[in-house]
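TrEMBL annotations:
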- A:156, A:182, A:193, A:280, A:404, A:409: substrate binding site (BINDING)
- A:193: active site, nucleophile (ACT_SITE)
């Protein structure tokens, strides 16, 4: 039951020259569910990634980091769902390498040029027979128009596939940005059980792709949280194929760079907000902005203290304007010299608290009217400085508990 | 539905010479529910407290801190439930002061010698008319045997009153320690919507009470968590009345001190574990021990990362041995140089993971057998050092969401 989120429509998701995708039912997840995705990249594509900060980084994450350090020439991506290949020790590493070898054989490349991704249950071995049987199947139906199909094949507890596209004209040449992602729980700053892949047909230097993937993540995937858990497998990959009919962008001083970055961020924000709208058990989409902070880190601390508070999240689920819980969460953000008496709180444009206390003219029915909505803006001003940050989150519902208690994911 | 927790029995809860207690229905909470408690302390009692670290400390917490700074001669305690008097600005401070004045008038003392406590909804004004009518009513039934009644009067979402007693012989003289507490959600390190009051009849110097209250909290109330939220009102108060038939303990070098401290910690642990057993929606009582840490802070970081993970908590609720979630939580504890390959995990005495991966002989049915129990020990060894810490927590159930979404607390 996603919040105002529809499945993407085929004609809105544009192919990216230099990228073909294929999917298969490898039988790792349920019968009748696609659970394997292959992506082949044209020669010359530049690829960079950001990965989970969880110290139990899954085997495929470790392999991705290695391969990206060793080569500038990534040619294929392989993703399986149903099993995270995390907490699997040396066997897990061997399994991920064997997966790369199988993909490399099919695409006639080297295993080091393949990036593997897994998502699903932790601490169970990768079912290699199924996986190795599935890879050639997926390779049989590679196509440039398979993005939505690919988005569907990487889903775990997602209820809606996530894909987004944008076309932008850079110096008279039309450029395409298209991405897919998965993830609906365990999503947190620093990435969390989410996989995201965004490709553009313009060329970029290897260094610039690397800088850009971080900037895009910080404006999108690193600003969302469902439950504060950070997974072992989170990865976000940016691909620049260089197939567009224009010279590549070599540095951020290229006059086309800012427009490209904006487009990449727009697609990444659409994907990341889709993950929140499809957050496990979500009934509300909540945008939390903290203004008046001394610096960015402090603004984020407060925003996440609100976004992670189970008491705040259950109040949103209940549409209960029990807004003191938001003040309590702000007070709980571990900023030692925070002055409660300077804090203001708005729900949409309703001023709820001023100078750290209930605003004299605040009426509960006004708070209630906002709480009843499916999309809510929470704004806190700390009265300490000029920094501002925004994060997106969900409520905490019965369905969150059911999804995580009743099914193994 | 508390986990293995019964209401205390009158004969087990011993009076403490120098303390009398009274309760009343002030009508702040529901009709027919006691919601006001008074405690009068004999002259010469020494009192110290530890309070919430939430920067939105409630008005009564601010007043308590002031009064304890200004006098060594606290003579009365007043507690109301139903309203936290937090996020209430200057009005809240005046209301708390007026409450102290009313209590002081009745006990013929000064308002500065009264400590006020409130617990309940945040950001609503204290209903002063009800409170001021209730105070004389509570004063009419003061008695030394009213501890359980007092425990009942300070409850909010608690389902069971919490009281504990212990008798200990110090140098041939029998000493009593008795305490009550309340709290079942929003309980976290650094105290969280909990109130705790422990009294002993032995005398202690003012300085020693102050040092002791912190040591006792760190071994009990600061080692429990339900949902990671820290409230605006948490307070734990230690009282030494000096009415026992022996000289007071002036310093921790007194040979009687260690036995006294042990007894105080024993009572405080009973109370704090009762709060976890009665945690909102709790169906499991989980003891998490982290061994092999470099230092105490690191052990606690990992223990709380496990205890706060919604994915771990929902797996416990489901009795699902999806134990990779525990490894993921360990990896998520933000210890930068943690080596996943050195980590072991036990569930009770079942070795689940070794060297960061599933233990070869681990069988899921063994994990399942432990998960089915209502009381579970999780032990993690980090393989980095000698430090060890233990925290207590609950699972995350449907009832937790119901309690916090369906009722305003």
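From the backbone N, Cα and C atoms, a Cβ is placed for every residue, glycine too.
Just so you know, TrEMBL annotations never went through curation; they're auto-generated.
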Tell me whether residue A:280 (substrate binding site) sits in a helix, a strand or coil according to DSSP.
coil
Applying an 8 Å Cβ threshold (strictly under) against chain B, tell me which of the binding-site residues A:156, A:182, A:193, A:280 fall inside, in sequence order.
none
I'd like to know which of these binding-site residues, A:156, A:193, A:404, is least surrounded, judged by other CB atoms within 10 A.
A:156
Going by DSSP, give the three-state secondary structure for residue A:182 (substrate binding site).
strand
